[in-house]
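The feature repeat 'WD' is assigned by TrEMBL to A:62-104, A:105-146, A:285-317, A:328-369. The annotation domain 'Sof1-like protein' is assigned in TrEMBL to A:361-447. The region 'Disordered' annotation in TrEMBL covers A:420-452. Residues or ranges marked as compositional bias 'Basic residues' by TrEMBL: A:442-452.
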Amino acid sequence: MKVKVISRSTDEFTRERSQDLQKVFRNYDPNIRSQERAVEYTRALKAAKLEKIFARPFIGAMDGHIDAVSCMAKNPNHLNGIFSGSVDGDIRLWSLTSRKTVCHFPGHQGNVRGLSVSTDGETLVSCGTDSTVRLWTVPDYRNKSAGESAGNAVAPIAVYVWKHAFWDVDHQWGQNIFATVGAQVDIWDHDRSEPVNTFKWGNDTFISVRFNPGEPDLFATTSSDRSIILYDLRMSSPARKLIMKTRCNSLSWNPMEPMNFTAANEDTNCYSYDARKMDEPKCVHADHVSAVMDIDYSPTGREFVTGSYDRTVRIFNYNGDHSKEIYHTKRMQRVFCVKYTCDGSYVISGSDDTNLRLWKAKASEQLGILLPRERRKQEYLDAVKDRYKHLPEVRRIVRHRHLPKPIYKAANLRRTMIGAERKKDQRRRAHSAPGSMPVQPFRKRRIIKEEE
Amino acid sequence: METEKLKVGAEHGKFEELDPKAKKYLRGDGANLEALLDKKLKGQLSVKEKLFGQSAKAAAMTEKWLMPTEHGYLEAEGLEKTWRIKQETILQEVDIISSRQPFDMVLKDLGPYKVEYTLSGRYMLVGGRKGHLALIDLITMNLIKEFQVRETLRDVVFLHNEQFFAVAQKKYPYIYNGHGTEIHCLKEHGAPLRLQFLDKHFLLVSINKLGQLHYQDVTTGEIVANYRTGLGRTDVMRVNPYNSIISLGHVGGKVTMWKPTASKPLVTMLCHHGPVTAIAFHRSGHLMATAGVDRKIKLWDIRKFQALRTYSGHAQSLDFSQKGLLAMSNGSQVQIWRDSGENHYYRRYMSHSMAKGYQVGKVCFRPYEDVLGIGHSMGITSILVPGSGEPNFDSWVANPYETKQQRREKEVHSLLDKLQPETIMLDPTKIGTVKPLRKKERPNRAEAEAELDAVVEKAKSITFKNKTKGRSKPSKKAKKKEEAVLKAKRTLGEHLQAEERPFKKLKPDGADLPKSLQRFAKKKAS
């Protein structure tokens, strides 16, 4: 006879001293855990609910400007710092950690329309409706605390006066060149008081300009004749022009896929284009109920933030046709500029009510350092939420966002209008000769023509 | 496309190659990727399947470090038979720690006794028919609490941990804590005969004298469900650990399965000719054992609701161990059966006889130990059954060496993960899956019309032979054609109708039902 039975001595399975860690034994056999699916589903549901409870994206407001904030710039070389320009000509540098002004850049006489920082983070370029471009040395604010330097003012290193009012400025990646737009597109060198190059296509005002992050010579502008124009610095004339039905207020290149850019349009939508194939947008991002004023991509290129005239900030996936987040507060007015921070974890909005607001990019993310256990737990909950996101109960909770009443009503109204239009179109098609009204997708309908 | 197919095929092949150890961690077969048309989905799924395979392999690999304890066994040598080996012989062979496990407590006055273990197997609750209750710590062999309720006591059950237990007393079930303090008297339940606790749902289930089934949530106190079984008084109730479905055995020989969200039983099976005396469920959820007064012990596949094996013999009480041994008691005899290889062919493994005149009331395997607890008319006994328990426990599932702190933490976590009563269903893997598409769509109107047209056209085009004596007159020919068309139409209509309602036609004779259920099929009105 051979016999063996399970025998456990208590000493082997418990700790020796009270200072020791408790011993843990694992057995991953699925048989000792029954109803795994139900348990996971319950956890997913609970995680979805908790996510909603902890969704508190607003971190704080930065007040100090005495007029609406019209533009912002982030310093590519320094995380904690954002420049903002105001309609009254005030430019400030803010420390994001203390949410206070670090220093001022006085000098502009009118609205500061554009701000940009060189790639090395040393030079700030500003332009405004006073027809001047000013270059500033960015102070070394790492050693300064915010309190003592509240009255700290910096003088410009150069002031270049030009023929027309400026609307926007953007610095080239890696070199000492920047572009301004206004009545025409001017290319400037840091050391020259006059533009080194000028582009023009049509007679209308240019609104915004953005250099391509991957191909330094390439840049795009939008203008008030509803066009998006692509330029190459190595050529003497603009490369390509796309005319849409409504104008674009701003555009932003995807930093990870630099052939793609997204334009914030006046017709409440954003349009993602492939610069190589502009005959139709790759994606239409709809959700705003009023003109989209500004757009900025996250450094990961997976999402972008938009600010709108409807007093909300929304975050979209780069390929999502609807927004995944909406941020709003009672006191935030029309949003003129938005920026993603360089680490991709915060969003900053500047609005008509003279404040900059700091938001979390992921509304329910826990700030600060996570312990490894906490992080693993969070990863697990995210995974089960992802696995059960299709179930109606989980989906309902995950999708729900509270909307302010005016936005809710406006969205309903827009839906009704679009539905009515579609219905009318269908009826018209049903009563006309077959083939006389070709079906055109919405994406193509918004484009008038493309010129070379 | 071709290469992709080959690759997927290769992966399937890999899964086949996995040793049985790893296969258990796969939790079923992989998705059939061949049938998918969506390339993107196919890619995503094949990546997932690969991950599943890797994690199963990793789990199997780490077994040797994570699971140090080996399972027990009892092997006969030469002419020996395992069922002739006596407990005393086993005791001489095993080590000193195990030899302390079996004991025999003679409690003459207040029996017969019921035995119950916690999920971790550390604590034992003993209840005597005449009101004697004792809570014992089996690792230290301490008597934690002993008291008398001084009325008839029919069943005992632990709630989520050893701190609380429910007792079915003469008129109502009561909940006591570890100090023996009465916490609740559950008057809504009536006089209970049997209690069960669903640990994942925190539901206390009772069947009372009037044959009513009560589900009560012990966290909120809410009565979740209250159903009349309508099948008479019974004290045979068992929960299926695989899906938390409650099974009742009735005097008519039926076994019914209940969930709290349905007022009618999900399944009614006629298992025995005569009252059912005991039910037990295998941990895997596929196997049920029933015993009846008709001197039959049956094993059922409860996926198909079919009897797998029928043995003759009486059993007052049945229990499956974690490793799938089946214990049964009859009078003063206790027998343990074991699956001899595949196909659930259970054969005698061990037997144990109590002193003559003892009536064994309940047998109950101790989780994570090779021990069988026996409650009988003269007290309680526990014997060694090598190979019955799961050798390795998981600290996060059930930990016999739990500290106070760990117990409290686990209580909080299990409350957070409390399942809703709606999650109880026959197939618990259904949650989160999609409804399969209807296999055959009904033909739409245009298709039906086209088919009809074709049939009519075919009938019209028949040519008739020329016959003599006026039988081939044009009028006759026309009439014949008309008849042929009508006939074709009629047959097509019948054909379609038969396709539309296959169930109605098939159900009355019950040919599609499993054999055990055929007797419930409605007889044809003749």
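Including glycine, each Cβ sits where the backbone N, Cα and C put it.
Confidence annotation: the repeat 'WD' (A:62-104) carries a mean pLDDT of 93 in the model.
Here the repeat 'WD' (A:285-317) has Cβ contacts under 8 Å with residues 249-257, 262-272, 323-328, 332-340, 342-344, 347, 349-351, 359, 361, 404, 406-407, 410-411, 414 of the same chain, all six or more residues outside its ends. Within the chain carrying the repeat 'WD' (A:105-146), a Cβ under 8 angstroms from the stretch's Cβ atoms is held by residues 70-78, 81, 83-93, 95, 98, 152-176, 178, 180, 188, 190, all 6 or more beyond its ends. Long-range contacts of the repeat 'WD' (A:328-369) within the same chain: residues 50-52, 54-63, 65-76, 79, 82, 84, 86, 94, 96, 99, 293-300, 303-313, 315, 378, 403-404, 407, each at least 6 residues beyond the stretch ends and with a Cβ under 8 Å from a Cβ of the stretch. Secondary structure counts, DSSP: the repeat 'WD' (A:285-317) has 0 helix, 19 strand, 14 coil.
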